[in-house]
Each structure stands twice: as structure tokens, then as C-alpha cells.
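Student: Below are the features I grabbed from Swiss-Prot:
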type: DOMAIN; residues: 273-323; note: domain 'SOCS box'
type: REPEAT; residues: 64-93; note: repeat 'ANK 1'
type: REPEAT; residues: 97-126; note: repeat 'ANK 2'
type: REPEAT; residues: 130-159; note: repeat 'ANK 3'
type: REPEAT; residues: 162-191; note: repeat 'ANK 4'
type: REPEAT; residues: 195-224; note: repeat 'ANK 5'
type: REPEAT; residues: 227-256; note: repeat 'ANK 6'
């Protein structure tokens with residue numbers, strides 16, 4: 001019993017020493033990170049690289065902060081970029097976040113700079129620490145020209161699930177032309193990303209009507225969204241009635257329930273135009289609508305092209321094509 005206080009005294013000393021050591025180590029990490037930033041701002045690349053090596057371990061030999069080549073690419077200064085390349089600057093220099101000059105050129109939509117970099121050996125599928133490729137950046141900026149050039153040089157149109165998806169980014173921002181180019185290059189129109197869902201689901205979430213319409217025209221599954229959440233669920237949470245009409249015209253199931261057991265109608269704001277639109281579509285569809293859906297289902301995803309080959313009367317053809 002007499003040793004009790006001594007034991008607890010030593011225990012408290014040990015805990016205090018451990019906590020002090022932990023916070024001291026954390027303070028050093030923070031200090032080194034701030035010092036790295038200081039050297040980057042001052043332009044001392046070698047010292048910044050050395051400090052980054054200490055913090056992050058095995059950094060590639062091709063590491064650099066935002067170099068003059070990055071700046072030229074980001075600002076679309078083609079002559080300056082070509083001059084730097086001619087002087088022997090490595091086109092694959094990357095920042096601490098693995099951002100290359102090609103990433104910068106594509107994010108700015110500077111197709112001439114992107115092409116010059118690619119012609120001089122830039123990695124077309126380089127990935128940043130955030131999982132972004134140059135193609136993702138091109139879709140982010142909405143540069144269809146950059147998207148075409150990247151694909152011409154071998155960019156992967158559809159990437160692994162853990163990487164940022166170019167088509168989802170294009171749809172999210174309403175860049176329909178970029179979306180169509182990717183789909184023409186065999187990207188799965190119903191590709192589901194765990195945190196985002198399918199391209200159609202994203203289009204409905206962000207109310208990109210043009211993208212919703214085009215995806216449905218090209219055969220996107222009208223009920224495939226994010227797990228049990230359908231595109232109609234996503235649209236019901238928003239305020240765009242046109243998206244509701246498009247989805248229901250293409251046969252969206254109003255009775256489908258999500259993981260919480262809710263239908264699209266349950267998610268619509270009370271007494272809103274979206275709720276009214278869903279209520280109006282709850283009844284049995286017209287026979288003509290059922291026939292149209294049946295014909296399109298039989299023709300499959302390529303029905304948009306197949307319908308033209310049936311040589312139907314123009315009014316009927318236009319009806320089947322939702323025109």
C-alpha cells in the first residue's frame with residue numbers, strides 16, 4: 001500500500017514524457033512543412049526538395065515545385081514553353097502534389113501547349129496525389145480540343161475506380177461535348193463510381209439538363225444511379241422539373257425505393273413543382289408510351305442508330321426518338 005503513490009507518480013511522469021515527445025515530434029513536422037512552403041515561395045527548389053524528402057520520404061528524382069515550365073503551361077504561353085523545352089527542361093517535372101505541366105495546360109484549356117508537351121514526351125496518363133489525370137483536368141476546364149489531343153496520344157478514357165473519373169467531371173460541370181467525346185471512345189455510359197454514382201446520376205444531381213438528355217438518348221440506364229438511389233431520386237431532391245419529365249419519359253420507375261426505403265416522391269419538397277410533376281406521372285402510362293419503351297428496349301442501347309434503319313414513317317420515327 002505504501003508503494004501505491006510512488007507507482008502512480010512514476011506512471012504520471014511516464015505519460016507526461018510520452019505526451020511531450022509526441023507533441024514535440026508533431027511540432028517538428030509542422031515546422032518543416034512551413035519551411036518547405038517558405039522555400040517554394042522564395043524559389044529555392046533544391047532546399048524545398050530536400051525538406052520534402054525528409055517529410056515525405058521517397059520522392060521521385062523528377063520532383064520540383066511549380067517550375068517556369070508549369071507557369072508557361074498554365075498561362076498558355078506557347079513560345080515561352082517551347083523555349084524552355086528547347087533549353088532542355090524536363091517536360092515531366094512534377095510538383096510536390098505530382099502535378100505536371102501537362103496537367104496545368106489541360107486545366108487551363110491550352111491545347112497548343114498540351115500538344116507541344118505531348119510531342120516532347122510528356123506522360124499522358126500522369127496521376128496527381130489526388131488521382132487526377134491530364135484528361136480529368138481537360139474535362140474540368142471543358143476543353144474538347146484538349147480531350148481530343150490527349151486521346152490521340154493514348155490517354156486512358158476510363159480509369160481505375162480509385163482515380164478521378166473524367167466523364168463524371170465533364171457531366172458535373174455540364175461540358176456535354178467532352179462527355180460525348182469520351183463516350184465515343186468506349187467509356188461505359190453506366191460506369192458507377194462509389195461516391196458519385198453513374199454519369200446520369202451526376203447529371204441529375206447537378207441539374208445538367210443537356211447532359212441528362214444526351215445520356216438518355218445514347219442509352220444510359222434510366223434507373224441506374226448510386227447503389228439503390230436512382231437518377232430520379234437525385235432529381236427529386238432538386239428543383240428542375242424538366243429533368244423529372246425527361247427521366248419519366250424514358251421510363252424511370254417511380255416506385256423504386258432507396259436504401260432508406262424512400263421513393264422519389266418522398267424526397268420531393270412538399271407542394272413544389274417537382275412533387276406535382278411526380279404526382280402527375282404516378283398513374284398508368286399511355287399505351288403509346290409503353291410501345292415506345294418496348295421498341296427501344298428491344299433495339300437495345302444502339303436504338304438511336306437502329307431506329308433510322310427501320311425506314312418508318314417520319315412522325316413515328318420522331319416519336320421513337322423523342323423528337
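Keep in mind that glycine also has a Cβ here, set from the backbone N, Cα and C atoms.
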Student: Counting only residues 6 or more past its boundaries, what in the same chain has a CB within less than 8 Å of a CB in the repeat 'ANK 2' (97-126)?
Tutor: 67, 69-70, 72-78, 81-82, 85, 91, 132-135, 137-138, 140-143, 145-146, 149-150, 153-156
Student: Per DSSP, what is the helix/strand/coil residue tally across the repeat 'ANK 6' (227-256)?
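Tutor: DSSP composition of the repeat 'ANK 6' (227-256): 15 helix, 1 strand, 14 coil.
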Student: May I ask for the residues of the chain that lie six or more residues beyond the repeat 'ANK 1' (64-93) and have a Cβ under 8 Å from a Cβ within it?
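Tutor: Sequence-distant neighbours of the repeat 'ANK 1' (64-93): 40, 45, 48-49, 99-102, 104-105, 107-108, 110, 112-114, 116-117, 120-123, 126.
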Student: In terms of Cβ proximity under 8 Å, which residues at least six beyond the ends of the repeat 'ANK 3' (130-159) contact it?
Tutor: 97, 100, 102-103, 105-111, 114-115, 118, 124, 165-167, 169-170, 173, 175, 177-179, 181-182, 185-188, 191
